[in-house]
Amino acid sequence: MPKPRMSWPYQRHRQASSPPHPHKEMNFFPQQPLPLGAGPGQMTFPLNWQMGGKDLTKGLNMLTLSPQQPGGKSGQQTSKGPENNLYSPFEEKVRPCIDLIDSLRALGVEQDLALPTIAVIGDQSSGKSSVLEALSGVPLPRGSGIITRCPLALRLKKKECPWQGRISYRKVELQLQDPSQVEREIRKAQDAIAGSGVGISHELISLEVTSPEVPDLTLIDLPGITRVAVGNQPQDIGLQIKALIRKYIQEQQTINLVVVPCNVDIATTEALRMAQEVDPEGDRTIGILTKPDLVDTGAEKVVLNVMQNLTYHLKKGYMIVKCRGQQEILNKLSLAEATKREIAFFHSHPHFRILLEEGKATVPRLAERLTVELIGHISKSLPLLFSQIKEIHQSATEELRLCGASVPSNDADKMFFLIEKIKVFNQDIENLAEGEEIVKEKEARLYNKIREEFKSWIVTLDCNSKKVKNIIHEEVSKYDRQYRGKELMGFVSYKTFESIVRQYLEELVDPALGMLQTVVEIVRQTFSDTAQKNFGEFSNLNQTTQNKVDSIAARAAERAEGLIRLQFRMEQLVFCQDDIYRVDLKAVREELFNPVAEHPQSLQLRLPFVNGPSPVSSITEIGVHVNAYFMGTSQRLANQIPFIIQYCVLQESRDHLQKAMMQMLQGREQYSWLLQEESHTSAKRHFLKEKIHRLAEARHTLSKFAQSLQG
């Protein structure tokens, strides 16, 4: 391995190495994991969550493991065999945790959410396959080019029984009687899924190995990273592989196991770079160094710097292993013998022996470490996992409800089915018109949306009232210049008053019609959305309803526009009851000329046309009458126009639409056509039913697991 480079965006972290342990005669095939980073003598998985209203903290505290002998050191190993009384309690607690996640994966829950797992990634020729072979005890496909073409879930189960294997993919499940069958069956599975060429697939192959010689562990093996397409490989094969790898390693539930050869520059490793992209702080990444026997003389210090986290910092640190070389594989060196040679290599190496003593070297140590990491990760993930499954289950159930039941084949049943559909739709429309519909958070009811438009109408009336005051001066001046006869100054012209009033009213027509169109569109869109929600899976029924909604909305807009224009034509009469007008006129005069209640400056603010020493002029007098008249007119229009719009656009539209929907039931010959489902609806319903079933099974599995912890 060349000199370390600082090209990665990590600072160098100097961590105190574990103190070297005094060398003693050791058994390097330990039966219990040693929890690196845990407190002395124990490993605790804290968890505080509830299921079914019960606090599971007490039950999950049972996951506090004490795998070490009292007084023992972390570098020491206990002897192998049934006499080891500490392994059994550990195994009893570890296996159920891993089985829980494996059972959820077998149910297909990974289609819906990420499960806690360890993903193994590495560049091509990094030694990834050799590491997995050493952990599993079975030969995996080897060769040049892309060998792993599908994700492989490697489920290792430690059990005192003869070796057993099982491979499953798609609808195939095959029992294996001998480890030698594994490589051939994996190749067959990959050919069946990804084709017999060099393509890859995201579809998972599951390999379960049960043996007394394997650790309790589940790993996901992913294709090796390649940079250049070779031979018949697709030109974008590198991008395809990276996309597949990223799909797994980007999940927060995944521990990334990155395999890196000792004899390459760590800064050039694509696998570590990809892990850094999705895990910038290195919180869930473990580095595995391979091929230590290929390190050039004098470069051992570089490897030690990496192992001591001084080159590329990972919070979970590094392990180092020596697996079978190519010549040893050709010589058919057994995995058991390879493990003995690995231990002897580190034990006799002047530089790497310290790593063995610190518990950071050899495949058995790696197996221990990975088991501990996976169990800790699972325990931390359980509360979120249960919450996610519950939430997705509820969402899928609601989605299935919206899809509705399957359409019956019998004509009579179709009628009742359609009646029920229309009944639910009409009730939704009724709730909208009455302001009683159920809305989601941050959404507003239809009535509130319309009310906001009516509020803007009041603002329009106020703005026009202020605008008309400026018109008075201009209109009266125009009268004085053009039409004044023998009248003395100060006499009010009623014609001028009428002209100002009518001009003011005419300017309100367009804003009123604009508000009408806005409300029509709000109601039309809401009714349309309601039809889509109820009939979305039936294209003919939905389109028929949408057409009725559009037609009724257009008729409502036309009728409301006619009434609004009629209202403004009536307003041109300029009429008010004497008693009402007298009260309004008195109020305006008192407000305008009361010297006690008003400062002189306020008069100018309200009536900017008042000028000169005598406020009582023809302009002022007309202004008083205009204010008095529009006091009542504005109040009338503020309510009358919304009344017209609300009645025509909302209330009448509701009645017409509900009647039109019921009339659809009269055409029995159209039932089949109206209830013709979208082509994808049946498939969607089937998909949702399967999803709900597996999530219900997952919730049941989690509940049973929690109950087992409670005792």
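Here the Cβ of each residue, glycine as well, is placed from N, Cα and C on the backbone.
Listed features, source Swiss-Prot:
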REGION    1-26  region 'Disordered'
REGION    62-88  region 'Disordered'
COMPBIAS  66-82  compositional bias 'Low complexity'
DOMAIN    112-383  domain 'Dynamin-type G'
REGION    122-129  region 'G1 motif'
BINDING   122-129, 221-225, 290-293  GTP binding site
REGION    221-224  region 'G3 motif'
REGION    290-293  region 'G4 motif'
REGION    322-325  region 'G5 motif'
DOMAIN    619-710  domain 'GED'
Note to self: With the cut-off set at 10 Å between Cβ atoms, which of these binding-site residues ends up with the most neighbours? Options: LEU222, ILE225.
What the structure shows: LEU222
Item checked: Site of maximum Cβ density within 10 Å, from binding-site residues GLY122, PRO292 -> GLY122
Margin query: So, three-state DSSP: helix, strand or coil for PRO292 (GTP binding site)?
Written below: helix
Next item on the list: May I ask whether the region 'G4 motif' (290-293) has at least three C-beta pairs under 8 Å with the region 'G3 motif' (221-224), counting pairs 6 or more apart in sequence?
Entry: no
Note to self: Within the same chain, where does the region 'G4 motif' (290-293) have neighbours whose Cβ lies under 8 angstroms from its own Cβ atoms, ignoring anything closer than 6 residues to its ends? I mean 6 or more beyond.
What the structure shows: 126-127, 130-131, 259-263, 303, 320-323, 325, 345-346, 349, 352
Check: Are there residues of the same chain, six or more positions away from LYS128 (GTP binding site), whose CB falls under 8 angstroms from its CB, and which are they?
Finding: VAL120, ILE121, GLY122, ASP221, GLY224, VAL259
Next item on the list: Please list residues from the chain of SER125 (GTP binding site) whose Cβ is under 8 angstroms from its Cβ, counting only those at least six apart in sequence.
Entry: GLY224, PRO261
Next item on the list: Determine how many residues of the region 'G5 motif' (322-325) DSSP places in helix, in strand and in coil.
Entry: 0 helix, 0 strand, 4 coil
Notebook entry, point to check: Where DSSP helix means H, G or I and strand means E or B, what are the helix, strand and coil counts for the domain 'GED' (619-710)?
Noted result: 85 helix, 0 strand, 7 coil
